[in-house]
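What follows is a single structure, written as structure tokens, with notes after it.
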Amino acid sequence: MKQNPQTFLHVDMDAFFASVEQRDHPELRGKPVVVGAAADQRGVVAAASYEARKYGIHSAMPSRIAKQKCPHAVFVSNNMANYKAVSREIMRIFESYTPHVMPLSIDEAFLDVTGARHLFGDGKTMAEKIRNHIREQTQLTASVGVAPNMFLAKLASDMNKPDGLTVVPFNQEAIEKMLAPMPIGRMWGVGKVTQKKLLSLGISTIGDLQNFDFQRLEKVLGPKSAYGFSRLCRGIDDRKIGTGADEKSISNETTFRHDITDREQIEATYKRLIDKVAARLRKAGFYATTVHLRLRWSDFTTITRQTKIAIPANDDITLREVGMELLNEHLRHRPVRLIGFGTSGLTESDKPRTLQMNLFDSPDTARHEKRNRLSRAADAIREKYGISSLRRGSDLD
Ligand SMILES: [Mg+2]
């Protein structure tokens, strides 16, 4: 039988925190268990057992509401150290099958198992082995999606939860048919703003997008997004799991002592991270072409988002501008546990490789030069008087 070019698994533990509690406390088994803040406290649900989900309880819901929905639910406080230990055990299981593991959060990961097929069998066989391995070693269940790429694997792992195994047909026509009825919000990169734009065009399912006129889509979303979405709606996704070893990057992150919801406080911390990263870039003589935002919510789910910079930069102003754009787009009204800022695609020159020569004379370039001078002056002052001697106006108000 012909082997497909790539095989990815997405492994997602079922109601992870709640399942760990039920495993460790047999008296909780079969009961609606809510992990998170107690019902009489301000705070939210970090995880709900499947018994609790039947009452409409889900993570990020205020505990108070959860209690209203299911008065006899058992509230258990977070035992993060324990969940982390179990998580490490599970990640080690993954690594015994393939070195290409990309954790998405404490309880889920992508595995590129393409190179492991000759050892462990095809994607489905390997998914069953991993599920059994996890069950035997941890007494927990996982749902797995098997697919030719990451986007489809992640969709698939969710299709037969809990304790499910879903193999996406490795066939273009069947893939498009499977995606067609799904709501457009299930597609990667479709946030609230994009969803609204698409809805205004009459696109509510992935199938609607498959049939939509590409040129009209380009006018509304711009060429880059339109191209990406037109591929994704057909199940095409070329991303790879890198080992990361040769990827140069500079980043910095902070874990808050308490989960933070105050936007100003989050922004102030984030701006300080950006300035530190920018200073490190300048010191190392690098310019960044990509910036990254990392956010971890109080329930431990983590997102990483990135965007490209038109002209490679290492000055505070540009990095703050681009960084804040990312933050504004992705910050939600949810408590934040960790925030990070990073840069990659580092170059030793700030001259864009792909742009035309006449761009160097544009006002954009003049502004760019001015920003570089300002940042170098700021570095000189910091060097002399210490890092906190220089803050931008916005930090002070
Ligand atoms: Mg999960």
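In case you wondered, yes, glycine gets a Cβ from its N, Cα and C as well.
TrEMBL: automatically predicted annotations, no manual curation.
TrEMBL annotations:
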DOMAIN    8-191  domain 'UmuC'
BINDING   ASP12, ASP107  Mg(2+) binding site
SITE      PHE17  site 'Substrate discrimination'
ACT_SITE  GLU108  active site
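For the pair formed by PHE17 (site 'Substrate discrimination') and GLU108 (active site), distance between Cα atoms is given as 12 Å, rounded to the nearest Å.
Taken residue by residue with DSSP, ASP107 (Mg(2+) binding site) is part of neither helix nor strand, so it is coil. With a cut-off of 8 Å between CB atoms and residues at least 6 apart in sequence, the same chain places ASP12, MET13, PHE16, TYR83, SER87, ILE90 near ASP107 (Mg(2+) binding site), listed in sequence order. Around the Cβ of PHE17 (site 'Substrate discrimination'), 29 further Cβ atoms fall within 10 Å across all displayed protein chains. Model confidence over the domain 'UmuC' (8-191) stands at 93, taken as the mean pLDDT rounded to a whole number.
The Cβ of GLU108 (active site) lies under 8 Å from the Cβ of HIS10, VAL11, ASP12, MET13, SER157, each of which sits 6+ residues away along the same chain.
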